[in-house]
């Protein structure tokens, strides 16, 4: 049987198949390889009817692979040929053609943003007029035929195909029959309206359908299967996950939560330290022009079989890998070096839009640079765009377990000096990942709901830099044997910090355990407001409770040090570090208070040793202060000692160690604090009306007594103005800069204007202004 060849031609900026350069949205057309068969008209059909012996059909062979895909690089667009009109040599042939053959003249997908399909499927916010639908829900289309449809003599079915090798058995080639009554969880079509030559179809899809970009064709024939004709739609259909459908595994039953975790295109990402929590506004922009195209391109580039795109667990796992470029040329290159001269500083980003559009427009060239909050922000954008409820989550004092011990281990020599080459475990002052919402039929009951997923490349999972989805419920109870990557996330939020001292024979003894060292103030944006919601209780039981201790000890039995909790430690002296208010500011001396408490009825004596280190938020440290014995509880770090040493997050870590003379109890404490930076003050000027120019004033004051070099502002507002850069140049010590931005709002409703400062000497400076735009 002659094979069919499906040709892919570029028509816009949507990525469709791996290898297409540049990435394009595709238009699916079927081209017959046999020219004679393609040009077959009414006369030949009539002749076959009159003399079947002269026109015997070849034996048909059933193939599961329905199309061979040819990827054509886009050039100048070919003119769309007019449908070839059937020719007849005499009146008898015309009469026979009219009786036996009918065909589709055009297909209307009813894809307008304001139409019924897009509104009912909650896709009316997406840019453009494509048909964007959600699985498990009916949608409609209209067909124009060359004559009225008759159920007594005519047959009709639809074909939807996705991926390079559509297969019926894999769910990537869907044959949709015409039925009288629609049933749930099936691909079916029903005629709901007929007017003259036009019919309207209502089409149902199962809640397990493969998501992605589909090509559509409509096949018509007589009841006897003769005079078959196929019409290929010039437009594609995009299928997404459906949090509004109870049968979909991503179903979320709370309307306010759906509005927040699927439809909200802005959010808040938290950073800093547990005692100095900072927040920055992030534009997720999942409905912005080109973002859906970019997300579909990421799926195509991942090389995940299209048949796997029906399972959100698979999709999330792939997205976790594809957002970082560590081993698969994904979206973002991670950089923690402090040198971003050949790219954009991670702290300068405030939106996913520019990152995703740049990755797509360059045919998958990774974007420079990202750190955890950028990876998380982009992940939220992609998951929400595809229909999976998602949020960015920040964990303060976040452990990084490198040896699967499910503890954070700190090693000292015999003189209580840290052994740097052994201290590969670390505690980040904060780390940002994502939660996504879905059922987990692959796990025991009770493990659905929020799942942790992390796109920041830290450790490999099954050979690839990715993490999750890990059930938050399983993390809370210590069930670290449940997939995916639950042990790693458990250690981030609930591992104990174990201190070890080297013995004379080279072995190590456990000298102290800190049970409340990690996993504090786990934060996300609250539903329906810009307030911070603390979700620590979702990840762990109350610190120190019996349930929490049981979860920790249960998890440790599956780690590389299962006997670490066999010996209880005596503890009657404690040490704590406190700071006043919001903590020390950048540009002045840093002051902290150290409290030593004796919880026994007997007197105790101890000498504490301190060491302070500048740290990246990932806890890679560079010591800048020699060890000092403390005789008082006031600790001061002069500005002159840290001014030339700070990097990225302006964070410092104070390490205290000592031993109680009477009991030989070891005291140990590590406290991270950051030096607060100023905000950009954004003040809207004038009335905000769609189509009417307005302005906003951005003010910044340099907090340092030194000059800032090559200062750049990055400004963006979804529905207000496109993201762009403003080069300010050098800003003198304690000087104030004022910038006025002029723009014309394009969308009504509440909007956010976001700005950030990009400068090597000062980072994490940003601001946001709320703007309510009125209709014209």
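Glycine residues also receive a Cβ, built from the backbone N, Cα and C atoms like all the rest.
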>> For the feature region 'Disordered' as recorded in TrEMBL, pick the matching range from 45-69, 70-94.
In response: 70-94
> Given the ranges 1-23, 116-138, which one is assigned the annotation region 'Disordered' in TrEMBL?
Replying inline: 1-23
>> Would you identify which of the recorded positions 454, 496, 543, 548 has the most other C-beta atoms lying within 10 angstroms of its C-beta?
In response: 454
> Counting across all protein chains shown, how many other Cβ atoms sit within 10 Å of the Cβ of residue 431 (active site)?
Replying inline: 27
>> Using a Cβ cut-off under 8 Å and a sequence separation of 6 or more, which residues in the same chain sit near residue 494 (Ca(2+) binding site)?
In response: 475, 478, 518, 519, 539, 540, 548, 551, 552, 555
> Per DSSP, what is the residue tally for the domain 'Transglutaminase-like' (364-457) in helix, strand and coil?
Replying inline: 18 helix, 39 strand, 37 coil
> Rounded to a whole number, how many Å is the Cα of residue 454 (active site) away from the Cα of residue 372 (active site)?
Replying inline: 9
> the domain 'Transglutaminase-like' (364-457): mean pLDDT?
Replying inline: 92
>> Return only the integer: C-alpha distance in Å from residue 543 (Ca(2+) binding site) to residue 431 (active site).
In response: 20
